[in-house]
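Read through the structure below, which is laid out as C-alpha coordinates, and then see the notes.
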Amino acid sequence: MAWIKPYETKDRRNGKPVKSYVVIWKEPAWDEFGLPIPADPARPGGRKKQVQQQETYPNREAAEARRDELNAARHTTGTSALATARKAGDLPYGYYARAWLDSLQVKVAQGRLKQSTLDGYEQILQRYALKRFGAKAIAAITPRDCEEFLSALVRQQSRQGTQGDVLSPATVKHAWGTFRRVLKYALRHDAIPSNAADRVDYDTNRATGDHEEFEHNPLTAEQVARLSAAVAGGGIPAGQPDLPAYPVYALMVDFLAYTGLRASENAGLEVHDLEFHTAPAGKSLRPGKPTRKTPVTALGQTPDSLAPNTIRCTVHIRRTKSRKNTGTPGEPHGSPVRRSPSAASEPCPSRPGWPPGCTPTSTADRAVIRPYTTHARPSPPRPCGPAARTVAGTEPRGSATPCRWTGPSRWPWERSTTPSSARRSSRWGCPPLLPPYRRNPPRPPVPHSPPSPRRAAYACTTCGTPSR
(Lines of atoms letter the chains of each structure in order from A and count residues from 1; the text may use other names and numbers.)
(Lines give C-alpha, C1' and ligand atoms only; values in the text may rest on other atoms or scores of the structure.)
Protein backbone atom coordinates (compact mmCIF):
# COMPACT_ATOMS: atom_id res chain seq x y z
CA MET A 1 0.00 0.00 0.00
CA ALA A 2 1.28 3.49 -0.90
CA TRP A 3 1.17 6.49 1.39
CA ILE A 4 2.21 10.17 1.36
CA LYS A 5 4.71 11.81 3.68
CA PRO A 6 5.19 15.63 3.57
CA TYR A 7 8.61 17.26 4.07
CA GLU A 8 9.62 20.89 4.61
CA THR A 9 12.30 22.09 2.22
CA LYS A 10 14.81 24.92 2.72
CA ASP A 11 12.98 27.11 0.22
CA ARG A 12 10.80 29.90 1.56
CA ARG A 13 7.63 31.40 0.13
CA ASN A 14 5.99 34.38 1.87
CA GLY A 15 8.13 33.62 4.88
CA LYS A 16 6.89 30.05 5.17
CA PRO A 17 8.79 26.86 4.25
CA VAL A 18 7.82 25.19 0.99
CA LYS A 19 6.64 21.61 1.40
CA SER A 20 7.32 18.63 -0.85
CA TYR A 21 5.32 15.40 -0.83
CA VAL A 22 6.97 11.98 -1.03
CA VAL A 23 4.97 8.96 -2.17
CA ILE A 24 6.30 5.80 -0.48
CA TRP A 25 5.40 2.20 -1.26
CA LYS A 26 6.91 -1.26 -0.97
CA GLU A 27 7.34 -3.94 -3.60
CA PRO A 28 9.19 -7.26 -3.85
CA ALA A 29 12.90 -7.23 -4.68
CA TRP A 30 13.63 -8.86 -8.05
CA ASP A 31 16.71 -10.52 -9.42
CA GLU A 32 18.12 -9.97 -12.89
CA PHE A 33 15.46 -12.27 -14.40
CA GLY A 34 12.53 -10.50 -12.70
CA LEU A 35 11.87 -13.17 -10.08
CA PRO A 36 11.15 -12.20 -6.45
CA ILE A 37 14.06 -12.76 -4.06
CA PRO A 38 13.17 -14.83 -0.96
CA ALA A 39 13.89 -13.24 2.42
CA ASP A 40 15.33 -16.53 3.65
CA PRO A 41 17.45 -18.38 1.05
CA ALA A 42 16.75 -21.64 2.90
CA ARG A 43 13.01 -21.22 2.20
CA PRO A 44 12.59 -20.24 -1.48
CA GLY A 45 8.80 -20.54 -1.26
CA GLY A 46 8.47 -18.44 1.88
CA ARG A 47 8.19 -14.70 2.45
CA LYS A 48 9.77 -12.53 -0.22
CA LYS A 49 12.22 -9.70 0.31
CA GLN A 50 10.64 -6.22 0.20
CA VAL A 51 12.28 -2.99 -0.90
CA GLN A 52 10.97 0.52 -0.30
CA GLN A 53 10.50 2.90 -3.22
CA GLN A 54 9.67 6.60 -3.15
CA GLU A 55 8.94 9.47 -5.52
CA THR A 56 8.87 13.20 -4.71
CA TYR A 57 6.20 15.61 -6.01
CA PRO A 58 5.96 19.40 -5.58
CA ASN A 59 2.23 19.48 -4.65
CA ARG A 60 -0.23 17.25 -2.85
CA GLU A 61 -2.54 16.80 -5.85
CA ALA A 62 0.14 15.10 -7.95
CA ALA A 63 1.23 12.98 -4.99
CA GLU A 64 -2.34 11.81 -4.31
CA ALA A 65 -2.86 10.91 -7.97
CA ARG A 66 0.30 8.79 -7.95
CA ARG A 67 -0.73 7.15 -4.66
CA ASP A 68 -4.15 6.18 -6.01
CA GLU A 69 -2.53 4.79 -9.18
CA LEU A 70 -0.18 2.58 -7.18
CA ASN A 71 -2.92 1.32 -4.90
CA ALA A 72 -5.16 0.49 -7.85
CA ALA A 73 -2.32 -1.32 -9.62
CA ARG A 74 -2.09 -3.83 -6.79
CA HIS A 75 -5.35 -5.42 -7.97
CA THR A 76 -4.53 -5.63 -11.71
CA THR A 77 -2.25 -7.90 -13.72
CA GLY A 78 1.30 -6.91 -14.55
CA THR A 79 1.93 -4.90 -11.38
CA SER A 80 4.57 -4.89 -8.68
CA ALA A 81 2.66 -7.53 -6.69
CA LEU A 82 4.42 -10.38 -8.49
CA ALA A 83 4.99 -12.36 -5.30
CA THR A 84 1.26 -13.09 -5.00
CA ALA A 85 0.66 -13.80 -8.67
CA ARG A 86 -0.70 -17.29 -9.25
CA LYS A 87 -1.61 -17.30 -12.92
CA ALA A 88 0.88 -18.09 -15.66
CA GLY A 89 0.22 -14.80 -17.43
CA ASP A 90 1.08 -12.84 -14.31
CA LEU A 91 4.60 -14.26 -14.13
CA PRO A 92 7.30 -11.87 -15.37
CA TYR A 93 9.12 -12.03 -18.66
CA GLY A 94 12.33 -12.87 -16.82
CA TYR A 95 10.76 -16.03 -15.43
CA TYR A 96 10.07 -17.41 -18.91
CA ALA A 97 13.48 -16.23 -20.13
CA ARG A 98 15.13 -18.32 -17.42
CA ALA A 99 12.87 -21.29 -18.20
CA TRP A 100 13.66 -21.02 -21.91
CA LEU A 101 17.41 -21.01 -21.24
CA ASP A 102 17.02 -24.06 -19.00
CA SER A 103 15.18 -25.89 -21.77
CA LEU A 104 18.04 -25.14 -24.16
CA GLN A 105 20.47 -26.65 -21.68
CA VAL A 106 18.92 -30.03 -22.51
CA LYS A 107 19.84 -29.53 -26.17
CA VAL A 108 23.40 -28.70 -25.14
CA ALA A 109 23.62 -31.94 -23.17
CA GLN A 110 22.35 -33.86 -26.21
CA GLY A 111 24.87 -32.22 -28.54
CA ARG A 112 22.20 -30.41 -30.57
CA LEU A 113 23.30 -26.93 -29.46
CA LYS A 114 26.66 -25.38 -28.63
CA GLN A 115 27.31 -24.03 -25.17
CA SER A 116 28.71 -20.85 -26.70
CA THR A 117 25.38 -20.28 -28.50
CA LEU A 118 23.48 -20.68 -25.24
CA ASP A 119 25.83 -18.25 -23.50
CA GLY A 120 25.26 -15.77 -26.31
CA TYR A 121 21.48 -15.97 -25.85
CA GLU A 122 21.82 -15.24 -22.14
CA GLN A 123 24.12 -12.28 -22.74
CA ILE A 124 21.73 -10.79 -25.32
CA LEU A 125 18.78 -11.13 -22.94
CA GLN A 126 20.63 -9.47 -20.08
CA ARG A 127 21.93 -6.68 -22.30
CA TYR A 128 18.75 -5.72 -24.14
CA ALA A 129 15.47 -7.47 -23.25
CA LEU A 130 15.63 -7.98 -19.47
CA LYS A 131 16.35 -4.32 -18.76
CA ARG A 132 12.98 -3.40 -20.27
CA PHE A 133 10.76 -6.46 -19.76
CA GLY A 134 12.45 -8.41 -16.96
CA ALA A 135 9.89 -7.48 -14.28
CA LYS A 136 6.92 -7.01 -16.62
CA ALA A 137 4.16 -9.63 -16.66
CA ILE A 138 4.33 -11.77 -19.78
CA ALA A 139 0.61 -11.28 -20.47
CA ALA A 140 0.92 -7.50 -20.21
CA ILE A 141 3.38 -7.21 -23.13
CA THR A 142 1.49 -5.68 -26.04
CA PRO A 143 2.44 -5.24 -29.71
CA ARG A 144 2.93 -1.56 -28.95
CA ASP A 145 5.54 -2.45 -26.34
CA CYS A 146 7.29 -4.67 -28.88
CA GLU A 147 7.35 -1.87 -31.47
CA GLU A 148 8.82 0.56 -28.95
CA PHE A 149 11.44 -2.01 -27.99
CA LEU A 150 12.39 -2.52 -31.65
CA SER A 151 12.58 1.23 -32.25
CA ALA A 152 14.83 1.62 -29.22
CA LEU A 153 17.13 -1.11 -30.57
CA VAL A 154 17.46 0.61 -33.93
CA ARG A 155 18.35 3.94 -32.27
CA GLN A 156 20.56 2.52 -29.50
CA GLN A 157 24.15 3.72 -29.51
CA SER A 158 26.80 1.12 -30.12
CA ARG A 159 29.64 0.63 -27.67
CA GLN A 160 32.00 -0.05 -30.55
CA GLY A 161 33.03 2.13 -33.43
CA THR A 162 33.01 5.90 -33.51
CA GLN A 163 30.79 8.25 -31.57
CA GLY A 164 27.25 8.31 -32.89
CA ASP A 165 27.23 4.83 -34.37
CA VAL A 166 24.11 2.75 -33.75
CA LEU A 167 23.70 -0.99 -33.47
CA SER A 168 24.32 -2.90 -36.66
CA PRO A 169 21.38 -4.62 -38.40
CA ALA A 170 22.84 -8.00 -37.44
CA THR A 171 22.90 -7.05 -33.75
CA VAL A 172 19.32 -5.78 -33.92
CA LYS A 173 18.29 -9.03 -35.61
CA HIS A 174 19.88 -11.18 -32.88
CA ALA A 175 18.38 -9.10 -30.05
CA TRP A 176 14.91 -9.12 -31.60
CA GLY A 177 15.03 -12.83 -32.42
CA THR A 178 16.06 -13.77 -28.88
CA PHE A 179 13.30 -11.59 -27.40
CA ARG A 180 10.76 -13.18 -29.74
CA ARG A 181 11.84 -16.73 -28.86
CA VAL A 182 11.02 -16.16 -25.18
CA LEU A 183 7.50 -15.05 -26.10
CA LYS A 184 7.17 -18.10 -28.33
CA TYR A 185 8.19 -20.31 -25.41
CA ALA A 186 5.52 -18.68 -23.20
CA LEU A 187 2.94 -19.23 -25.96
CA ARG A 188 3.74 -22.94 -26.04
CA HIS A 189 3.09 -23.14 -22.29
CA ASP A 190 -0.30 -21.36 -22.56
CA ALA A 191 0.90 -18.30 -20.66
CA ILE A 192 -0.25 -15.88 -23.39
CA PRO A 193 -2.96 -16.29 -26.04
CA SER A 194 -0.72 -15.02 -28.88
CA ASN A 195 2.79 -13.82 -29.55
CA ALA A 196 2.82 -10.02 -29.52
CA ALA A 197 6.10 -9.94 -31.47
CA ASP A 198 4.49 -11.70 -34.44
CA ARG A 199 2.21 -8.70 -34.98
CA VAL A 200 5.13 -6.32 -35.48
CA ASP A 201 6.08 -5.52 -39.08
CA TYR A 202 9.74 -6.51 -39.02
CA ASP A 203 11.49 -8.68 -41.59
CA THR A 204 14.81 -10.23 -40.61
CA ASN A 205 15.84 -10.88 -44.23
CA ARG A 206 18.68 -8.68 -45.41
CA ALA A 207 17.70 -6.26 -48.19
CA THR A 208 20.00 -4.78 -50.81
CA GLY A 209 18.42 -1.31 -50.77
CA ASP A 210 20.44 1.30 -52.63
CA HIS A 211 23.65 -0.75 -52.50
CA GLU A 212 24.85 -2.54 -55.59
CA GLU A 213 24.60 -6.30 -55.48
CA PHE A 214 27.88 -7.99 -54.66
CA GLU A 215 29.08 -10.61 -57.11
CA HIS A 216 31.42 -13.38 -56.04
CA ASN A 217 34.47 -13.87 -58.22
CA PRO A 218 36.47 -16.71 -56.66
CA LEU A 219 40.00 -17.41 -57.85
CA THR A 220 40.73 -20.53 -59.80
CA ALA A 221 43.39 -23.04 -58.77
CA GLU A 222 45.74 -21.64 -61.41
CA GLN A 223 45.26 -18.07 -60.19
CA VAL A 224 45.89 -19.14 -56.59
CA ALA A 225 49.12 -20.85 -57.67
CA ARG A 226 50.29 -17.75 -59.56
CA LEU A 227 49.48 -15.51 -56.58
CA SER A 228 51.36 -17.80 -54.21
CA ALA A 229 54.37 -17.90 -56.53
CA ALA A 230 54.38 -14.10 -56.83
CA VAL A 231 54.31 -13.67 -53.06
CA ALA A 232 57.17 -16.17 -52.75
CA GLY A 233 59.24 -14.08 -55.15
CA GLY A 234 58.97 -16.19 -58.30
CA GLY A 235 56.82 -16.36 -61.38
CA ILE A 236 57.33 -12.67 -62.24
CA PRO A 237 56.93 -12.05 -65.99
CA ALA A 238 59.92 -10.72 -67.88
CA GLY A 239 60.21 -6.96 -67.81
CA GLN A 240 58.29 -6.60 -64.58
CA PRO A 241 60.02 -5.27 -61.44
CA ASP A 242 60.95 -7.90 -58.90
CA LEU A 243 58.81 -8.05 -55.79
CA PRO A 244 60.08 -8.80 -52.28
CA ALA A 245 59.93 -12.50 -51.51
CA TYR A 246 57.82 -13.71 -48.57
CA PRO A 247 57.78 -17.53 -48.63
CA VAL A 248 55.89 -17.73 -45.34
CA TYR A 249 53.07 -15.56 -46.64
CA ALA A 250 53.00 -17.59 -49.85
CA LEU A 251 52.27 -20.63 -47.73
CA MET A 252 49.54 -18.65 -45.98
CA VAL A 253 47.92 -17.87 -49.36
CA ASP A 254 47.64 -21.59 -50.14
CA PHE A 255 46.42 -22.31 -46.63
CA LEU A 256 43.63 -19.72 -46.79
CA ALA A 257 42.57 -20.70 -50.29
CA TYR A 258 42.15 -24.40 -49.57
CA THR A 259 40.79 -24.20 -46.01
CA GLY A 260 38.32 -21.33 -46.40
CA LEU A 261 39.44 -19.54 -43.24
CA ARG A 262 38.65 -15.87 -42.77
CA ALA A 263 41.41 -13.33 -42.20
CA SER A 264 40.50 -12.89 -38.51
CA GLU A 265 40.35 -16.66 -38.00
CA ASN A 266 43.77 -17.06 -39.55
CA ALA A 267 45.17 -14.29 -37.35
CA GLY A 268 43.92 -16.03 -34.21
CA LEU A 269 45.01 -19.51 -35.27
CA GLU A 270 47.30 -21.36 -32.88
CA VAL A 271 49.42 -24.47 -33.22
CA HIS A 272 47.11 -26.66 -31.16
CA ASP A 273 44.22 -25.76 -33.50
CA LEU A 274 45.75 -28.02 -36.17
CA GLU A 275 45.19 -31.75 -35.83
CA PHE A 276 47.03 -34.16 -38.14
CA HIS A 277 45.68 -37.67 -38.57
CA THR A 278 45.34 -40.43 -41.13
CA ALA A 279 42.05 -41.39 -42.72
CA PRO A 280 41.90 -45.10 -43.62
CA ALA A 281 39.68 -46.24 -46.44
CA GLY A 282 36.01 -46.59 -45.60
CA LYS A 283 36.25 -44.50 -42.40
CA SER A 284 34.33 -41.37 -41.59
CA LEU A 285 36.36 -38.29 -40.65
CA ARG A 286 33.55 -36.80 -38.56
CA PRO A 287 32.09 -38.77 -35.66
CA GLY A 288 28.39 -39.41 -35.90
CA LYS A 289 28.37 -39.06 -39.69
CA PRO A 290 27.70 -41.95 -42.09
CA THR A 291 30.70 -43.81 -43.44
CA ARG A 292 31.74 -42.78 -46.93
CA LYS A 293 33.76 -44.91 -49.28
CA THR A 294 36.86 -43.55 -50.94
CA PRO A 295 35.88 -42.21 -54.39
CA VAL A 296 37.62 -43.39 -57.53
CA THR A 297 38.14 -41.80 -60.91
CA ALA A 298 36.70 -42.92 -64.21
CA LEU A 299 39.79 -45.09 -64.79
CA GLY A 300 39.30 -46.88 -61.50
CA GLN A 301 42.17 -45.04 -59.77
CA THR A 302 42.02 -43.43 -56.36
CA PRO A 303 43.23 -39.79 -56.27
CA ASP A 304 46.43 -39.25 -54.32
CA SER A 305 44.71 -36.75 -52.01
CA LEU A 306 42.03 -39.31 -51.13
CA ALA A 307 44.17 -42.44 -50.97
CA PRO A 308 43.97 -44.59 -47.82
CA ASN A 309 46.30 -43.78 -44.91
CA THR A 310 46.94 -40.30 -46.28
CA ILE A 311 47.95 -37.75 -43.65
CA ARG A 312 45.30 -35.08 -43.42
CA CYS A 313 44.91 -31.98 -41.29
CA THR A 314 41.81 -30.79 -39.46
CA VAL A 315 41.61 -27.12 -38.49
CA HIS A 316 39.64 -26.35 -35.32
CA ILE A 317 38.26 -22.83 -35.52
CA ARG A 318 37.55 -20.99 -32.30
CA ARG A 319 35.69 -17.73 -32.55
CA THR A 320 37.34 -14.55 -31.41
CA LYS A 321 34.79 -13.98 -28.64
CA SER A 322 35.72 -17.32 -27.09
CA ARG A 323 39.30 -16.07 -26.76
CA LYS A 324 38.25 -12.87 -24.98
CA ASN A 325 38.01 -12.51 -21.20
CA THR A 326 39.83 -15.78 -20.72
CA GLY A 327 41.88 -14.21 -17.95
CA THR A 328 45.30 -15.09 -16.68
CA PRO A 329 45.90 -18.55 -15.17
CA GLY A 330 45.49 -18.33 -11.42
CA GLU A 331 43.30 -15.20 -11.51
CA PRO A 332 39.50 -14.83 -11.34
CA HIS A 333 37.39 -15.14 -14.48
CA GLY A 334 36.99 -11.93 -16.44
CA SER A 335 40.38 -10.50 -15.50
CA PRO A 336 42.28 -8.88 -18.39
CA VAL A 337 44.66 -11.05 -20.35
CA ARG A 338 48.24 -10.10 -19.52
CA ARG A 339 50.92 -10.29 -22.14
CA SER A 340 53.97 -12.38 -21.52
CA PRO A 341 57.04 -10.38 -20.43
CA SER A 342 59.44 -9.31 -23.12
CA ALA A 343 63.03 -10.47 -23.30
CA ALA A 344 64.24 -7.14 -21.89
CA SER A 345 62.19 -7.53 -18.73
CA GLU A 346 63.20 -11.12 -17.99
CA PRO A 347 65.62 -11.42 -15.06
CA CYS A 348 69.18 -12.41 -15.88
CA PRO A 349 70.23 -15.86 -14.63
CA SER A 350 73.47 -14.50 -13.18
CA ARG A 351 75.53 -11.34 -13.07
CA PRO A 352 79.08 -11.15 -14.43
CA GLY A 353 81.81 -11.01 -11.85
CA TRP A 354 84.87 -8.83 -11.67
CA PRO A 355 87.23 -9.02 -14.66
CA PRO A 356 90.31 -11.24 -14.31
CA GLY A 357 93.04 -9.59 -12.29
CA CYS A 358 90.76 -7.07 -10.62
CA THR A 359 89.87 -7.42 -6.95
CA PRO A 360 87.44 -5.03 -5.24
CA THR A 361 88.99 -2.96 -2.49
CA SER A 362 87.91 -0.07 -0.31
CA THR A 363 89.06 3.38 -1.38
CA ALA A 364 88.85 4.62 2.20
CA ASP A 365 91.42 2.08 3.38
CA ARG A 366 93.61 0.68 0.61
CA ALA A 367 95.37 -1.63 3.06
CA VAL A 368 92.16 -3.57 3.71
CA ILE A 369 91.27 -5.92 0.88
CA ARG A 370 87.72 -7.18 0.96
CA PRO A 371 87.11 -10.36 -1.02
CA TYR A 372 84.17 -10.39 -3.38
CA THR A 373 81.25 -12.29 -1.90
CA THR A 374 77.69 -12.75 -3.11
CA HIS A 375 75.07 -12.38 -0.41
CA ALA A 376 71.69 -14.05 -0.54
CA ARG A 377 68.93 -11.84 -1.93
CA PRO A 378 65.26 -12.00 -0.95
CA SER A 379 64.17 -11.48 -4.56
CA PRO A 380 65.47 -12.73 -7.93
CA PRO A 381 68.12 -10.66 -9.73
CA ARG A 382 66.89 -7.50 -11.32
CA PRO A 383 66.70 -7.25 -15.10
CA CYS A 384 69.68 -6.00 -17.05
CA GLY A 385 67.62 -4.32 -19.77
CA PRO A 386 67.32 -0.61 -20.51
CA ALA A 387 65.00 -0.11 -17.51
CA ALA A 388 67.37 -1.82 -15.04
CA ARG A 389 68.96 0.28 -12.30
CA THR A 390 72.66 -0.31 -12.86
CA VAL A 391 73.77 2.45 -10.48
CA ALA A 392 76.12 1.53 -7.65
CA GLY A 393 75.31 2.69 -4.16
CA THR A 394 71.75 1.42 -4.21
CA GLU A 395 72.68 -1.99 -2.77
CA PRO A 396 72.32 -2.70 0.97
CA ARG A 397 75.33 -1.94 3.08
CA GLY A 398 77.70 -4.86 3.24
CA SER A 399 76.76 -6.39 -0.12
CA ALA A 400 79.26 -6.46 -2.93
CA THR A 401 78.28 -5.04 -6.30
CA PRO A 402 80.05 -6.62 -9.29
CA CYS A 403 80.88 -4.90 -12.54
CA ARG A 404 77.92 -4.59 -14.87
CA TRP A 405 78.62 -4.62 -18.55
CA THR A 406 75.09 -3.66 -19.71
CA GLY A 407 73.88 -0.10 -19.75
CA PRO A 408 75.70 3.22 -20.12
CA SER A 409 77.78 4.93 -17.49
CA ARG A 410 75.71 6.70 -14.86
CA TRP A 411 78.26 8.50 -12.65
CA PRO A 412 79.19 12.16 -13.14
CA TRP A 413 82.93 11.48 -13.30
CA GLU A 414 82.32 8.98 -16.11
CA ARG A 415 80.43 11.45 -18.28
CA SER A 416 83.01 12.48 -20.82
CA THR A 417 83.39 12.64 -24.56
CA THR A 418 85.42 9.43 -24.59
CA PRO A 419 83.39 6.52 -25.93
CA SER A 420 82.16 4.05 -23.37
CA SER A 421 84.04 1.15 -24.95
CA ALA A 422 87.32 3.10 -24.86
CA ARG A 423 86.82 4.03 -21.21
CA ARG A 424 86.16 0.44 -20.27
CA SER A 425 89.18 -0.78 -22.20
CA SER A 426 91.47 1.77 -20.53
CA ARG A 427 89.93 1.18 -17.13
CA TRP A 428 90.35 -2.57 -16.91
CA GLY A 429 92.96 -3.11 -19.58
CA CYS A 430 90.72 -5.55 -21.43
CA PRO A 431 88.09 -5.29 -24.18
CA PRO A 432 84.46 -5.00 -23.12
CA LEU A 433 82.41 -8.17 -22.93
CA LEU A 434 79.31 -6.70 -24.57
CA PRO A 435 78.87 -3.70 -26.84
CA PRO A 436 77.79 -0.52 -25.03
CA TYR A 437 74.12 0.29 -24.96
CA ARG A 438 73.10 3.89 -25.63
CA ARG A 439 69.40 4.64 -25.47
CA ASN A 440 69.94 8.43 -25.63
CA PRO A 441 72.80 10.40 -27.20
CA PRO A 442 75.69 11.12 -24.80
CA ARG A 443 75.26 14.31 -22.81
CA PRO A 444 78.02 16.93 -22.60
CA PRO A 445 80.21 16.95 -19.49
CA VAL A 446 78.76 18.88 -16.58
CA PRO A 447 80.47 20.24 -13.46
CA HIS A 448 80.19 17.85 -10.57
CA SER A 449 81.26 17.34 -7.03
CA PRO A 450 83.58 14.52 -5.98
CA PRO A 451 81.87 11.21 -5.40
CA SER A 452 80.65 10.30 -1.96
CA PRO A 453 82.63 7.70 0.02
CA ARG A 454 79.71 5.31 -0.15
CA ARG A 455 79.54 5.42 -3.94
CA ALA A 456 83.29 4.89 -4.19
CA ALA A 457 83.29 1.99 -1.78
CA TYR A 458 84.94 -0.41 -4.22
CA ALA A 459 87.64 0.11 -6.76
CA CYS A 460 89.86 -1.92 -9.00
CA THR A 461 93.18 -2.94 -7.47
CA THR A 462 94.86 -2.68 -10.87
CA CYS A 463 93.92 0.81 -11.97
CA GLY A 464 92.16 2.22 -8.89
CA THR A 465 89.08 3.33 -10.82
CA PRO A 466 85.89 3.17 -8.73
CA SER A 467 83.43 0.54 -9.81
CA ARG A 468 79.90 1.41 -10.89
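Glycine is treated like the rest: Cβ placed from N, Cα and C.
Residues annotated as compositional bias 'Polar residues' in TrEMBL: 299-312. What TrEMBL lists as compositional bias 'Basic residues' is 315-324. TrEMBL lists 349-358, 432-453 with the feature compositional bias 'Pro residues'. The domain 'Core-binding (CB)' annotation in TrEMBL covers 91-187. Sequence annotations record features per position, and here TrEMBL assigns region 'Disordered' to 35-62, 280-468.
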When the pLDDT values for the domain 'Core-binding (CB)' (91-187) are averaged, what is the result?
90
When secondary structure is assigned with DSSP, how many helix, strand and coil residues does the domain 'Core-binding (CB)' (91-187) contain?
72 helix, 4 strand, 21 coil
By DSSP, what is the split of the region 'Disordered' (35-62) into helix, strand and coil residues?
3 helix, 11 strand, 14 coil
